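J.: Before I ask anything, let me first share the structure, which is written out below as structure tokens.
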Amino acid sequence: MRSLLWASLLSGVLAGRALVSPDEFPEDIQLEDLLEGSQQLEDFAYAYPERNRVFGGKAHDDTVNYLYEELKKTGYYDVYKQPQVHLWSNADQTLKVGDEEIEAKTMTYSPSVEVTADVAVVKNLGCSEADYPSDVEGKVALIKRGECPFGDKSVLAAKAKAAASIVYNNVAGSMAGTLGAAQSDKGPYSAIVGISLEDGQKLIKLAEAGSVSVDLWVDSKQENRTTYNVVAQTKGGDPNNVVALGGHTDSVEAGPGINDDGSGIISNLVIAKALTQYSVKNAVRFLFWTAEEFGLLGSNYYVSHLNATELNKIRLYLNFDMIASPNYALMIYDGDGSAFNQSGPAGSAQIEKLFEDYYDSIDLPHIPTQFDGRSDYEAFILNGIPSGGLFTGAEGIMSEENASRWGGQAGVAYDANYHAAGDNMTNLNHEAFLINSKATAFAVATYANDLSSIPKRNTTSSLHRRARTMRPFGKRAPKTHAHVSGSGCWHSQVEA
């Protein structure tokens, strides 16, 4: 009886609120609120010696609790923390050729190694056993990034009895990645690090001129950590027609991750708070993912634990990962596949069009970015859920054309502090932060009112796709967010 009474009272309170309007709601989003929330994340990180928000660490726990408490105290949402256990990994490393040290980054979940050995250049992209020369045994395999997951390359190198592996980038600049937790049916990993394209090419030239020896040391640490997603759904609105949006709460080891992805989660939090002034026709679900940087673990866990009925209640998913890059471009996920010949599930084209129309309405240029599997939309796409979102670029280099569009610096990364210690409050572009947060608010208000542009989903197709959700090596290549010209989070750096 008490629950029925409370539901009746809640319905009455919500009924007294005006329906959220896409024309007006974006104006409720203020820069000062975005910056206040971002500062809180930096404070969490800098309160501890690690100065980061890696999943399962104290600053990340503080982040999760902050989001939970801020949403809970509104009284507008049903909020819970979803517990899960994931394997954490970190490593120190050195790579030398003679007395010269080469910058290298150990891939997440790599085993340890200490070896001095010649380099063996692997044919093609190292994605099949035939690519590994017979004399790779006991040597360090040098493999080009591309085509298959880093975990596959590492396993194949181990099968060829390589002493260790080096993967070099296929675009300018350094690289890192994740192997994904080891899969017993695949075989053990070889120790593996990533280096830049330039350093990879130097090693190839030395190897072609004669043998070249490297000294590689990797000290890898791993432990299971308990961590949490935060889920908050409006108490009002149709719970069978859910508008879902999300971003990830964790950073890499190197820094506090205030753009990657503090910008996305704080934008969503500010929007969630502002939404409490209004009523909605369709339920809105805010999702805050853990352990994205280790292979989209939180979002994969969440989606894999939904049955077909619950999956079909989610009419669409919007992803916001790095929306305030300092040298930004305004990028929209290519839902219709017109730019990258890879469309999202039915309804994704309409999401892309909504964001395009919004930017057009305020005379802002925009470009598409690829659904490359490198952020938390992947599990939703693989389950047939229409998806979309925004991105402002990571380690990718801004072109002259894009610099002219947004007044940025050509020849410079969209985010020069991507996955680095400098991804703090000073790394945020305030203009991009506010523009994209207002665009997000517009989308939320639109779909909270009307989902008629998004086709109903089919249970059978969802079940068919679901089996593919938990991929053996996590996301794809480095979050280079493969995004068109922006690259991005190695969230995905599972795939070369």
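Note: Cβ is positioned from N, Cα and C throughout, glycine not excepted.
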J.: According to Swiss-Prot, Asp260, Glu293 bind Zn(2+) 2; which one of His305, His366, His419 is annotated to that same site?
T.: His419
J.: Of 233-254, 387-408, 475-496, which range does Swiss-Prot call region 'Disordered'?
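T.: Per Swiss-Prot, the stretch marked region 'Disordered' is 475-496.
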J.: Reduce the DSSP letter at Asp260 (Zn(2+) 1 binding site) to three states and note it down.
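T.: In the DSSP reduction, Asp260 (Zn(2+) 1 binding site) maps to coil.
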J.: Give the distance between the Cα atoms of Asn424 (N-linked glycosylation site) and Asn341 (N-linked glycosylation site), rounded to the nearest whole Å.
T.: 35
J.: Would you identify which of the binding-site residues Asp260, Asp321 has the most other C-beta atoms lying within 10 angstroms of its C-beta?
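T.: Comparing the binding-site residues Asp260, Asp321, the most crowded Cβ belongs to Asp260.
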J.: If we check Cα distances from Asn307 (N-linked glycosylation site), which of the binding-site residues His248, Asp260, Asp321 wins as closest?
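T.: Nearest listed residue in space: His248.
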J.: Closest of the glycosylation sites to Asp260 (Zn(2+) 1 binding site), Cα to Cα, picking from Asn224, Asn341, Asn402?
T.: Asn402
J.: Can you check which residue among the glycosylation sites Asn307, Asn341, Asn424 has the largest number of Cβ atoms within 10 Å of its own?
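T.: Neighbour-count leader: Asn424.
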